[in-house]
Amino acid sequence: MTELGNIILETRDLTKHYGGVHALEGADFTLRKGEHVAIMGDNGAGKSTFVRQITGVEQKTRGDIIFDGKPVNFTGPLDAREAGIEAVFQTLALADHLDVPDNLFLGREKTKWNWLGPFRRLDYKSMREDTLEALQKTGVKIPNIRNTIQNMSGGQRQCVAIARTATFHSKLTIMDEPTAALGVQETAQVENIIRTLKEQGEPLILISHNMRQVFDLMDRVVVFRRGRICANLDIRNEDITGEDVVAYITGAKTQPEYEDAA
Amino acid sequence: MTELGNIILETRDLTKHYGGVHALEGADFTLRKGEHVAIMGDNGAGKSTFVRQITGVEQKTRGDIIFDGKPVNFTGPLDAREAGIEAVFQTLALADHLDVPDNLFLGREKTKWNWLGPFRRLDYKSMREDTLEALQKTGVKIPNIRNTIQNMSGGQRQCVAIARTATFHSKLTIMDEPTAALGVQETAQVENIIRTLKEQGEPLILISHNMRQVFDLMDRVVVFRRGRICANLDIRNEDITGEDVVAYITGAKTQPEYEDAA
Amino acid sequence: MSKTDHGVGGLTYDKSKKGWPNEVNIFAALILIILIFEALGQFLPYMNDQSFLFDTNGRFDTIFNEARLKIIILQVAIIGIISLGVTQVIISGGIDLSSGPLVGAAAMIVMSFAQTELVNGNPNPKAVFGDWAFDLPVIVPVIVGLCFGAFIGAINGSLIAFTRIPPFIATLGMFLICRGIAQWWTKGQPVSFPTESFAALGSGMMPVVWFALLAVLFHLVLRYTLYGKHTYAIGSNEDAARMSGINVKRHKVLVYMIASMLAAFAAIILSSKNLTAQTGMGQFYELFAIAMAVIGGVSLTGGRGSIIGTVLGAMVFGVIQSGFTYIKLDAFYQLMAMGAIIISAVVLDQWRQQRGSSRN
Amino acid sequence: MSKTDHGVGGLTYDKSKKGWPNEVNIFAALILIILIFEALGQFLPYMNDQSFLFDTNGRFDTIFNEARLKIIILQVAIIGIISLGVTQVIISGGIDLSSGPLVGAAAMIVMSFAQTELVNGNPNPKAVFGDWAFDLPVIVPVIVGLCFGAFIGAINGSLIAFTRIPPFIATLGMFLICRGIAQWWTKGQPVSFPTESFAALGSGMMPVVWFALLAVLFHLVLRYTLYGKHTYAIGSNEDAARMSGINVKRHKVLVYMIASMLAAFAAIILSSKNLTAQTGMGQFYELFAIAMAVIGGVSLTGGRGSIIGTVLGAMVFGVIQSGFTYIKLDAFYQLMAMGAIIISAVVLDQWRQQRGSSRN
Amino acid sequence: ETIGVSIARFDDNFLTVMRNGMEDYAGGIDGVDLQVEDAVDDVAKQLDQINNFIASGVDAIIVNAVDTSATEAMSQAAASANVPLVYVNREPVNVDTLPDNQAFVASNEIESGTLAAFEACKMLRAAGHAGGAKGYMLMGQLSNQAAVQRSKDVEDVIGMDMCNFITLIDKQTAEWSRDKAQDLMTNWLSSGEEFQVVFANNDEMAIGAIQAMKASGVSMEDVVVVGVDATQDALVAMQAGDLDATVFQDAAGQGQGSVDAALSLARGEDVEQKVYIPFKLVTPANIDDFLSKN
Ligand SMILES: Nc1ncnc2c1ncn2[C@@H]1O[C@H](COP(=O)(O)OP(=O)(O)OP(=O)(O)O)[C@@H](O)[C@H]1O
Ligand SMILES: Nc1ncnc2c1ncn2[C@@H]1O[C@H](COP(=O)(O)OP(=O)(O)OP(=O)(O)O)[C@@H](O)[C@H]1O
Ligand SMILES: [Mg+2]
Ligand SMILES: [Mg+2]
């Protein structure tokens, strides 16, 4: 697991305190190229906090992040994206008053007349076409993509956020509970998207509470408990069941390496 | 299913159009006292829209709602709550800057010195104690309930919203995807809450994408497709499998009574 | 997972690191500003070693410069009273631009019911009504003023609650209407010469007394009553408040009524203090009342703030104004410095808050 | 689930019922107000059957009263130019209170570089600088003015973007600072007597020409460019915009710079039109610029609005002001009526919007 | 010595000339410091400024009252702290009961509007309009006393037998501003009614009206325009034959007089408690006397 050059993301002693709340304590985490890892854990265990530190949405309290071989210190999500990290956040990050294509291409619009700098022209038509295609992939149904996002259902919003991430290639994809609000069919489609990423060798971090999904799709499970990592389970190769994972989540079990994570 | 006096909620031809979007078309729905019914359907099928019409959050385009034997016309959610309908909305409806007890008791605070009218005194201590108790029921872990809701994780927020509904008795409880963001343990706890309601004979409408949950807990499944009801399945008594339900959701099957819901 | 006083388990929670309340920052800023003025007094060559707050000339019996201490609070007491109401409006997610012109209109109306018959033995040269309106008991103008305030506030609140137009527009409209009323009342003529009992309401340090009393009252109301909680809830998430069964419309009307009644009360004290009412009174008060609240930590997006903060915000203004005269700053530089200080005070506060939870 | 032009299936979508754009309402309100004035002209006894918009005296060659049509737009063109910038600021989720005082300060500065040497054959009695500053080419004052605007806007924008203080406070501080600058520049003395080429910039109907040109330009910019899209995105959900990788800080600085440059340009046109610059110029312009935008459908919570709406909002003001003079309304009633009309216009608009999606 | 000065409004052209007169004059005397503050037309603020001056221990205070009926409270505040007080430019209501160490140097506002309006009346008669003349009046901000007073003066003049041939078509406020006056005049012009006279509460509005009329092609020969203040811009307009009359008030002189009075009071010397400075009518006939004054 420590073959140098083979690791896309590594965190060392990553810690985040909100005032007196210790939301994340000394997280040591590694992700190899092409690997798909699930993060599981109770509500409030610090999973999203972990993601927010990696993507530069918040500033860490202490610790190091090494991405693609280089120590990084993202000052904002813009930095992280430029470095090649794409994320679907739990809060979705959509602009309520814009329509679907606008949201899908937010921050990397297709433009014409690029010599005009910030005043360059938007290529609405092409963005609209690409949007329809991207949405097909997620299987969601949206009667009118020109409607504003605020008028979309919970699942439709989530699918737009996922389509956004899936449309653009990246060095690392992070999805924070992407299928939470999705229906049966849409969930199946999103799982297909994840499989495609696996085939293409793109690494992925998936946060999910869905045991079946994790066992179907992922290579490895990292369990968070009370702000600390308490288990690192190679579900592809070792003999691990859902009950084992639940035991780690609830605290009935802890791996020896992580004993201090009482 | 039509024994008079035995029906707590009935809708006739309930319809909602948003501009040109026909989000809900002619929904005829009945719920008997003590019955637990699941609503399932694709993303954007109109499930939440249906709930918003019943609870008075929005004004219906046409149709009738008969609640507890009387035709009702709620002008706002206040009316619905006063009539005895409690709901966990998909958008949760929490006040971001208030803490957990404040949110739990929002709109029905415990007060002292009630002769002071709107200026009566809040009984913070007693609300705090009750909050701790209510949260235990959902199994969620919150390190500091005096923290504001905006700083809570997705699952913590959802648990607060559920605790709120579960704490107060009502004639009808509606939950719109209550366990979407919840972890394994918390989901189990919320399912326990639903079981308790069933034992107490309180009727419930549950919107969920989780087939296992629906088959474990519910008496009946109503399927929405493209804004219309397309199936009404008595899963307790008839021989119906998850695959059948999925077939109705995707449109592979439609019950004869609902044929016009192409 | 043990049941404690503050939570139901989960993460480690270190209570000692809770971070101090917001108001402490503003207080620190206040002290800082005072120290700067003291230092300027020592170092500026033309100041002759004067002190800002202390009595270096032996003019008073105390070690402090009493006159300074008094005027610091006195000059902001009246806008401070308005700011108490504005604070509530902003916490509820609204804004009130009409308070300044309302002061003008209310002062005109109030004063015309508070006139005395004889001025230095001559008939009152500014009489608005006939004989019947002279020398009325002091309660009459006060009640008239408060009713006028309540009326304007009820209109503001109803417009905002029922037609759901933005508060900015409703109160901007009312801004113009109130200015119109003020000028129309006597066709622009000032109204002067109140009865002695009316003059007593705002004489000497009375404005400060009223400000203090009202601040304590509304501090308790916002912190410990249902009204307060609902005000915060509506400002934090109006939809949530509505879905939770709070009667948002009625509550908004109440908030705007209270704010306008406070502004009307400020008008009573103001006209009593000045022994006159004129149509231009209260100009820009709405902006300063809002600025005081915001400097005091009230968030313009609603849901956050406190009366203590607003009172401290008012004190910041008082200190600045007095300090400028003290260091003999030219009027133009005063304006620029005031602008700079308002900005810096809020920047300081923002910066402190962000350290706690440093999202980017 | 067939692939159509407007969606990927799901519900029935009836394209014909889409609801007309927001701007149509404001246009309707405008027509309504005009009709009311026409009707008043017919029915008020003292109006002698005059017409508001039509030429009943045969003074012009057209059927319209040309002079009236011109003044309706002319009198709002300058605030209208400011409003174009304010619209962008508000759409981005901010507010700009400093535009009014900025007009005053910019006018003073600009005019002192636009002075002519000889007035009626005598030396210019209002000279600000020495001989070198007389009769400069017209481009000099224009550039100076725009640079000043850009500078103030950059400060506004940087404060808001980098220190994250509320725009209300940053621009309120700048409000005071700009007033200070205006008064300090010449210690309060007006600056007059510009060169002829400078005077030509704002003479006659030129303000309207500028307004129209700028309105078209910024309509295109907001609607069809990256700048426009990002402005809407930031106003709609700043966090989302940031997480999507938009450089929110840089964009905000740009928005405030453009707004302040438009205000400075308005100052150039205004001082040219009046042939003078005075410290008090631009008072309340910020409020009216905001009001025009809001009447035109720009949402103060950000993310919604259009330049077309703002232009129509400006026209509403123009019609009201002309209409009041036309029916010879007293000044106080004008204020009250103006307040009432602003409120009603927005109420009307709100009411129409709510019918579409009638959440309660 | 330090003298605290509170001016009603810094944005006012006339008061600016007065203020600069004071500052120039005091700057020429050794050891005299002026601390000038802007009351931004707010009575309450002015009272606070006086109290701030008292707290800072100034030797004397000069007040240009925002509202002359609010001077009672100011006199009380200064008297109780035993600081000398001088009112300038605007006559306080309590002028007859001023304490010993208070004085005023002022003009009687009634004169200004009356002088201008009466001159207009005479000019119209001379031009043969005695049979009837119509006019407009541009007023200052109605919250300002000078505006209210000057407008009333005009109404009083056209109420006199000699001038009652003049009727006002309309009167509106242009808030002292040239820009608003331009727009207002253009609006009036668009109704197409004939008129022979324009009364303006100050010169700025008169100039605005003139600019609007010229832009619409009205001949300035046919219309009598009068203002108040005799500002430089106005005198230039008069030289060009556009403005017909204005009223001069010795702003700088008033400023100097008030500083002198304040210094004398501070040194415990005797001063005259009331000093009236009269207004003077300015017409093309005597314009040369005033060209270098304001
Ligand atoms: N800004 C903040 N200030 C204070 N506490 C915070 C803040 N953000 C998060 N927390 C706390 O940190 C803890 C971890 O939150 P986080 O969102 O990482 O949980 P999570 O593991 O993602 O849970 P879920 O599965 O419910 O999404 C929670 O207890 C939450 O209350
Ligand atoms: N205010 C609105 N204006 C326009 N369209 C709307 C509005 N609200 C909802 N819709 C549309 O109505 C449809 C139904 O939405 P609804 O929220 O009821 O879906 P849902 O069945 O709850 O889906 P999910 O499972 O994703 O929550 C969606 O296509 C949505 O885009
Ligand atoms: Mg999470
Ligand atoms: Mg839903």
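Positions of Cβ are set from backbone N, Cα and C atoms, glycine also.
No curator has checked TrEMBL annotations; they are predicted automatically.
The annotation transmembrane segment is assigned in TrEMBL to D:24-47 (among others). Below 8 angstroms of C-beta separation, residues 53, 295-297, 309, 312-313, 315-316, 319-320, 323, 326-328, 341, 345, 348-349, 352-353 of the same chain, each at least six residues beyond the ends of the transmembrane segment (D:24-47), sit close to that stretch.
Remote same-chain residues near the transmembrane segment (D:67-90) are listed as 52-53, 59-60, 96, 99, 103, 167, 205, 207-208, 210-211, 214-215, 218, 222, 231, 235, 255-256, 258-263, 265-266, 269-270, 273, 285-286, 288-290, 292-294, 296, 298-300, 302, 305-307, 310-311, 313-315, 317-319, 321-322, 326 (criterion: CB distance under 8 Å, separation of at least six residues from the stretch ends). Among the features that TrEMBL reports, transmembrane segment is placed at D:67-90 (among others).
Distant neighbours of the transmembrane segment (D:97-116): 82, 85-86, 124, 126-129, 133-136, 138, 140-142, 144-145, 148-149, 152, 156, 168, 171-172, 174-179, 181-182, 185-186, 191-196, 198, 259-260, 263-264, 266-268, 270-272, 276-287, 289; these residues of the same chain sit at least 6 beyond its ends, with a Cβ under 8 Å from one of its Cβ atoms. If you look up TrEMBL, you'll see D:97-116 (among others) marked as transmembrane segment.
Summarising the annotation, TrEMBL assigns transmembrane segment to D:136-155 (among others).
According to TrEMBL, the feature transmembrane segment maps to D:167-186 (among others).
Among the features that TrEMBL reports, transmembrane segment is placed at D:198-222 (among others). Listed as Cβ neighbours of the transmembrane segment (D:198-222) (distance under 8 Å, sequence separation of 6 or more from its ends, same chain) are residues 70, 73-74, 77-78, 80-81, 84, 87-88, 91, 114, 138, 141-142, 228, 231-232, 262, 265, 268-275, 306-308, 310-311, 314.
Look at TrEMBL and you will find D:253-271 (among others) tagged as transmembrane segment.
Residues 22-23, 25-26, 76, 79-80, 82-83, 85-87, 90-91, 95-101, 103-104, 175, 266, 306, 308-314, 316-317, 342, 345-346, 349 of the same chain lie 6+ residues outside the transmembrane segment (D:283-300) yet bring a C-beta within less than 8 angstroms of a C-beta in it. As annotated by TrEMBL, transmembrane segment applies to D:283-300 (among others).
Residues or ranges marked as transmembrane segment by TrEMBL: D:307-327 (among others). Counting only same-chain residues 6+ beyond the ends of the transmembrane segment (D:307-327), those with a CB under 8 A from a CB of the stretch are 22-23, 26-27, 29-30, 33-34, 36-37, 40-41, 44, 47, 50, 52, 68, 71-73, 75-77, 79-80, 83-84, 87, 211, 215, 218-219, 222-223, 288, 291-298, 334, 337-338, 341, 345.
Marked as transmembrane segment by TrEMBL: D:333-351 (among others). Outside the transmembrane segment (D:333-351) by six or more residues, the chain places 22, 25-26, 29, 33, 291, 294-295, 297, 316, 320, 324 with a CB less than 8 A from a CB of the stretch.
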Close approaches to the transmembrane segment (D:136-155) from elsewhere in its chain (Cβ under 8 angstroms; 6 or more beyond its ends): 98, 102, 105-106, 109-111, 113-114, 174, 178, 195, 197-198, 200-201, 253, 256-265, 267-268
Remote residues contacting the transmembrane segment (D:253-271) - C-beta distance under 8 A, at least 6 residues beyond either end: 77-79, 81-82, 84-86, 88-89, 92, 94, 96, 98-99, 102-107, 110-111, 114, 141-142, 145-146, 148-150, 152-154, 156-158, 160-161, 194, 201-202, 206-207, 210, 214, 227, 231, 277, 281-282, 285
